[in-house]
Amino acid sequence: MLKKCSTKTARVKGITFHPSLHFLIASLHSGEIQLWNYLNSTLVEVFEYHEGPVRGIDFHLLQPLFVSGGDDTHVVVWDFRQKKMLFALKGHTDYVRTVQFHPNYPWILSASDDQTIRIWNWQGRSCISVLQGHTHYVMCARFHPKEDLLVSASLDQTARIWDVTVLREKNCAIQTIDDASANSNGLSDIQMFTVGGLPSRTSEHSKLHEKLVFTDVLCLYNMCGHEKGVNWAIFHNAMPCVITASDDKTIRVWRYNGPNIWQTNILRGHKDNICSLIMHPNNINYMISVSEDKTIKVWDTRKWFLAYTYTSKENRFWIVQQSKNSNYIATGHDSGFIVFKLFKERPIVTLVGNTLYYIWNGILYSSNLDKEIETTDQEANKGFARQNLSECDICYDEDGISGGTCSGGLLDGNEFQSMGELVFRSPAAVFSKRYRKRILALSGVVDCSVVAQSVMAALVTYSPMPTNLKGNRDLIWPFAIYYNHYCPDKSLFLVNYVFKKQHIYEVLKRGASSEYNPQDNNTVLMGEAMSACFASRSLVVAINMSHDVVLHNLEGGPVSSICVEGNVDKVFPICSGIVLFWSKEQKMLSIYNIECQEEVYKVRVFVDKLFNVFVSPSKKLIAAVFRNKVLIYDRKLEKLASAEVHGKIKTAAWYENSAVIYATDERMYYIMVNGDCGVLQSIDAPIYIVRIKNTSLHVMKRDHRCYRIEINSDEFFFKVALYYKKVDTAKKLIEAGRIHGNAMVAYLINKNYPSLARMIITDPMMKLEVALKFGDIEEALEDAHVIDDVETWENVGNAAMEQGNCVVAEAAYQKAKLFDKLSMLYLITGNSAKLKKMLNLCKFRNDITSTIQNAIYLGDMTELSNVLKNTKHAKLSQICENTYGINIEDGNGQENPDASYMVPPIPITRLVGEDANWKVLATESKLDEQVFYDDCDPSEVDQVSTWVEPTIATKSDVNADVWGSIDEIESAESMEVYESEREAAVDTGPPIGLSPLDYINMGESEVALDLLEKNFGLRDKTLLLDIVEQAQQYAQGSSHESNNIPGHPYGIRPINPILNDDYVHTIMNKGYTNVTAGLFQDAVVEFRLALKHWIFLVTEASREYIEQCRIYITAMLLEDEREKLSDVDMRRSLELAVYFACCNLLPQHQYLVMRRTMGIMWKAQNYITAKKLITRLLSLDVSNIDGAEDEMQKAKRIYALCEKKGVETYALDCDEGEYNDLNICTISFVKIRSQPTVQCRFCGAVALDKYLGHTCNICQLCSLIR
């Protein structure tokens, strides 16, 4: 029993689920009616009207209505959306026990202690029929879900079936439910009418039985047999049966057919009054009953026996109801209610490449995920009506009437799941038969005292439970599965089980045979563990029930314990040799290194209930998913981001290495590594993410089938584009009108993208504020022209002055007519001519103060004297004339010999136009700094991801004549591969001093070549003259422009189109293409040409590419030498082929080399070496290579053949330990053991010491030196 929601309230007498929403209503003995969201245990609303206990409650199927009935004798209709009572139906004279809406008609059915049953028309608010006949309280009345029948139960020890066909024909004309739901008013369009002279059609039942008629309702059957009062009665979901529950502690099953009705089964087990019962939702063959004996019992309706009992210590149960759209069940008891379901609906799956592994009914299935998705899409497009999530088979008798029980028991072991003594039909039984392949049978070992003593046959077929579990009525269920990525050649799986708070794990190995055989013993290891996972190729980490960590060796090594501080509850795999522990007691996450036996990092997390841990594809990020919170850490457990939601998180997965997408029951969310989070989209049903591919989610739903859900959140893709600095992509989204709103504007401003924010903003004033905030004066000037008011121009002018942009400041002050600020601007820039114009303008405006001020700025004392004189300051004017010797020749002034000339100095440099602006240097904001986690550590062997970006190659790109295929060994279709192109690496900047490229750009090529000769031992300068001449042609054309830029002693270095990283990457990509096509000689030419360019661009970043060129040239030379010796020296030819396979090429090329070399060894009957190569081939990550999964399966079969033959025709000089660290001479192609060597200082090629002074055989540019 899996509890979803449990509450503490007054006694619950009635309960019902909403037909589509996650709501339920509970009616209490206190008179309250409570509306709950049972998914998050939240009380939504409380309704009050009734006086006394409310016993009956029901939701309408389509309308936002519910009906209640209580001890105040009223039947009340409510609108829960408007949160109010609509009207009360009065007519009963005693307690109302149950109420129910008809599923099709506008009727309400009520049962009362006044010994009557009433049918109400809730649209007309009137009673249309009163059913009399019971002689005691009527405890229950329920409509048939499909037919015009109803059943009632009474304390007169009888239950009755009534026919309402005549009532329906006389009073109701109704649409179909589909038509009604399509109408916006739903069932409100149903019309009630009375037919006067219309002859009424009698039902088939009324023809067979001449019964008493109570207002157009016929009593068809009267079921007598209970020894005490009957409390509840329901119709069977699929068969013509009625099931009744009584105070005599029994449940009785009644079968009716034609004129007859008879009792078929009596179910005993309860020890007190049985209050209520239901059939399990979704036609699953179980019945649930509740009783005053404080138990909930589950009965198998195929064999009619007790299957499961849940006991409460304190509370009596009064009511039980089922959900109409899920498998949830609710029961009301003395102190509240419980919402639960009987079995888990989460599919147990894991994904390996494109292969989906799925567990059901103790069987492990495999299938191609893309094909499953394609099949589902095709069915959806064609409108196929699929089988319901839990639709069950109905057994039929020979006469065609559905029977009561399935005589065959479990018809098909694939379709049903046994858990303890409960059996459930597989949600995807038919689909699994058709599209999924059975590969393994699980064992599932359980013992309450000693684990791993007996095999649970009940998990495979519905057989008796083991002796030591006979008395335990609980569920056994696998809850997790792991695939050993570190040992792909053995196909190992680890499955975790749970039973009565006991946890068990089992390690299974897929056999060499591809055929499923349930008799095979596939178990490698099993034991008791709360949590377990693979830690490496042969190690399993398990946490036992004492919270101790135990290390098991799958290859038969000793069992050892790991000393970890505190109690550990869960373990999760990170990468080879690294696991993550979770301690609930300490609330601690810790990363543990298995090989070093030490705790590397740890962090305390103040959150309970860790759900799962997901590792990013690069293995550098960890997402810890709790019940309602997601935390993202790096590998040092430093928190990068966190998000919290309402509701339980059901599933999560990584989107690339930038975000985690997770989902609750109702919505999907995302959280990015940089802390951005939000709602992705709403969902109509719970999902379980299997994979995220491109812009779509591949998910499983509770029908255990795979679906594609497109991510339709433009906001999410916009933020991802900004995270990766793909501004062009972000601009396209904005230009397409898919990004809008003030929230996104605030986000962009916060992330320092003002230009993108301005693209969204439509308000010119807001655009101006953004431009001014980020100092974008040119944009602000454009906005100011649109707004064109004084305040705006002043703000633009002030901002321009802060940046020293005198041209914009002058224009803005002129528009705003801020003459004082203009005068000051002209003064500080030494623009005397415009300052003189300002003086004249002030005189024209008769602005005395400004005129005096401008006269002083200009040092024009004559003008100052005249202004003073004109303003009737004759004394001041006289003093000014005497001081500065003005009008001396007229005899009006006398110069003061002690006076000094109080005027500004004459400007030495007069800046005009753009020259007046201050120089602005662009600085990179700290907000633009971003850490990416897409690259991975190559030492982590469980996955391989490099710095190349794969592009799809067609079949014609791979030269099958050169590379060959596994098809030469085993006939099959050829496959496609991926070809990768290298991403442009970011240069870390020029080294200290001038590089050879600097000298070439300056026209000093001889100096550049001399520098190469000094640094790398360049042997022949003429080999580089062509490249130097091409590079200089550009340098000479752009040197004049670049060297005239002030502020840099040599000018800004231009980007040379011949000598730059992007151009050299283009050359290398041609080499990769030639390798894929099998054109090895052409590939050598391209890679050597790339080295001729790289020698001018040597930096720390380019060293990686130089090494890649060296590796590829060495590999191509090895293959060329092998071809020459294939007919001369077979042993040496095979040896060179193995050396070729040891070269560290890109994954797609290494895959081709391994596959080809494996075929060569097979033909030469070197089966032991071929087996070793297949082991290496299977350890490769081929998830990005289309079709490789099928080839891997073929390789596994060849591995078994090689192991069986075990012959080695030629002895080769290559040990298994040297595969990843092979050191060979690049001239003689022999292994270098402990001999002295020489090396090329440029490309790093190594040769034997006897080749000292020779030209490097790889780059053919430099000399080999010690």
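Sequential numbering from 1, following the chain as shown.
Cβ coordinates come from backbone N, Cα and C, glycine included.
The following features are taken from TrEMBL:
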- 47-88: repeat 'WD' (REPEAT)
- 89-130: repeat 'WD' (REPEAT)
- 131-164: repeat 'WD' (REPEAT)
- 223-254: repeat 'WD' (REPEAT)
- 267-302: repeat 'WD' (REPEAT)
- 485-694: domain 'COPA/B second beta-propeller' (DOMAIN)
- 725-884: domain 'COPA/B TPR' (DOMAIN)
- 1065-1263: domain 'Coatomer alpha subunit C-terminal' (DOMAIN)
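Counting same-chain residues at least six beyond the ends of the repeat 'WD' (47-88), those with a Cβ under 8 angstroms from any Cβ of the stretch are 13-19, 23, 25-35, 94-101, 103, 108, 110-112, 114, 118, 120, 122, 125, 177, 180-181, 186-188. DSSP assignment over the repeat 'WD' (89-130) gives 0 helix, 24 strand, 18 coil. For the repeat 'WD' (267-302), the DSSP-based tally of helix, strand and coil residues reads 3 helix, 20 strand, 13 coil.
Mean pLDDT, taken over the domain 'COPA/B second beta-propeller' (485-694), works out to 87 on the 0 to 100 scale. Counting residues 6+ beyond its ends, the repeat 'WD' (131-164) has Cβ neighbours under 8 Å at 94-95, 97-98, 100, 102-103, 107, 109-113, 115-119, 203, 205-206, 212, 214-224, 226-235, 237, 242, 244-247, 254, 256, 261, 276 in the same chain.
Per DSSP, the repeat 'WD' (131-164) is made up of 0 helix, 20 strand, 14 coil. Remark: secondary structure over the repeat 'WD' (47-88) totals 0 helix, 24 strand, 18 coil, with classes taken from DSSP. Mapped onto DSSP classes, the repeat 'WD' (223-254) shows 0 helix, 19 strand, 13 coil.
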